[in-house]
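Right, one structure below, let's go through it.
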Amino acid sequence: MNTLFIHCRPGFEGEVCSEIADHAARLNVAGYAKAKPSTACAEFICTEDDGAQRLMQGLRFPELIFPRQWARGGFIDLPETDRISVILAYLANFPQCGSLWLEVVDTNDGKELSNFCKKFEAPLRKALTAAGKLVDDATKPRLLLTFKSGREVFVGLADAGNSAMWPMGIPRLKFPREAPSRSTLKLEEAWHHFIPRDQWDERLHGDMTGVDLGAAPGGWTWQLVNRGMLVTAVDNGPMAESLMDTGLVQHLMADGFTYKPRQPVDWMVCDIVEKPARNAALLETWIGEGHCREAVVNLKLPMRQRYAEVKRLLERIEEGFKARGIRVAIGCKQLYHDREEVTCHLRRLDLKKPKSA
């Protein structure tokens, strides 16, 4: 099991290779990363048998930026018939697993395999259970089978608590018909990723206030309003009338980069299309000067050196807060609903709850 297999957004294979190789070097795990363009996956081949396991144990999956899902294991070729026997034989030296996910890569070819996986899962699950390889136990490793085709599969393991929350790292979120744009799903997914579900009622509730910079037409504002917050929407463009009719939104025709609230708010969110360094500076200002306690801001990525640019900006933010003695939790992820961008979440850890704005 010396291969780490990683899912990602198509076109970002190089970023995954750069990121995982960076971490491997820091953890002294010898190996090399490889990927083909637009395949929605990458591999890190370890030179030592326990390398992939050490790499996974040394990293927290939610803190990785570009990987959507990962597993350690290896590829096997499958026959046209009786694939289950071949898989069972390969699993002979695997530990007993507590759950099973069948996955495909996020490409057109991968999606065509989805129906095959749905049909194949039930008989495979039955055979694994009968062989004593699969039980219902969340504390045991998850068995992940990623089908590259009907004849090739990556068979791997991942800890359920240190891997993606959803198969392939793709959330099953339903677009709310009332929301004025599909961008609303970006913010909802960000909350799922950065905020534990059992903390939503504490950190996303109706007594809170929020600011949406570059709000029009209101996709992100809708999420704040849906949690009952009073929202200041800052944009020179028009907001959806349905949002204004809620009575929870104040629309200010102003520049999102110059607006500052009169009183601190709980949340600031921003999805303005701008150079990433400028949006990162917004985070530094709003969190650093105490204008908000938590913030979600998207950073639009350059065409080249995308991982290097994100890493540089995150280090700048972290070092700046350390120098000022400000305690902040910093997270960054390329979400499924992100495109040429990543989503940053910052939470101020040394501020009391602001008074109502």
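Quick reminder: no glycine exception, Cβ is built from N, Cα and C everywhere.
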Quick one: which of Ser163, Ser183 does Swiss-Prot put in the S-adenosyl-L-methionine site with Ala216, Pro217, Gly218, Gly219, Asp235, Asp255, Asp271?
Ser183
Can you give me the same-chain residues 6 or more apart in sequence from Lys300 (active site, proton acceptor) with a CB-CB distance under 8 Å?
Val273, Glu274, Lys275, Pro276, Asn279, Glu340, Glu341
Including all protein chains shown, what's the count of other C-beta atoms within 10 A of the C-beta of Pro217 (S-adenosyl-L-methionine binding site)?
19
Cβ-Cβ under 8 Å from Asp255 (S-adenosyl-L-methionine binding site), same chain, 6 or more residues apart: which ones?
Val234, Asn236
Fewest other C-beta atoms within 10 angstroms of its own C-beta: which of the binding-site residues Gly218, Gly219 fits that?
Gly219
What is the maximum Cα to Cα distance, in Å and rounded to a whole number, among the residues Ser183, Ala216, Pro217, Gly218, Gly219, Asp235, Asp255, Asp271 annotated as binding S-adenosyl-L-methionine?
20
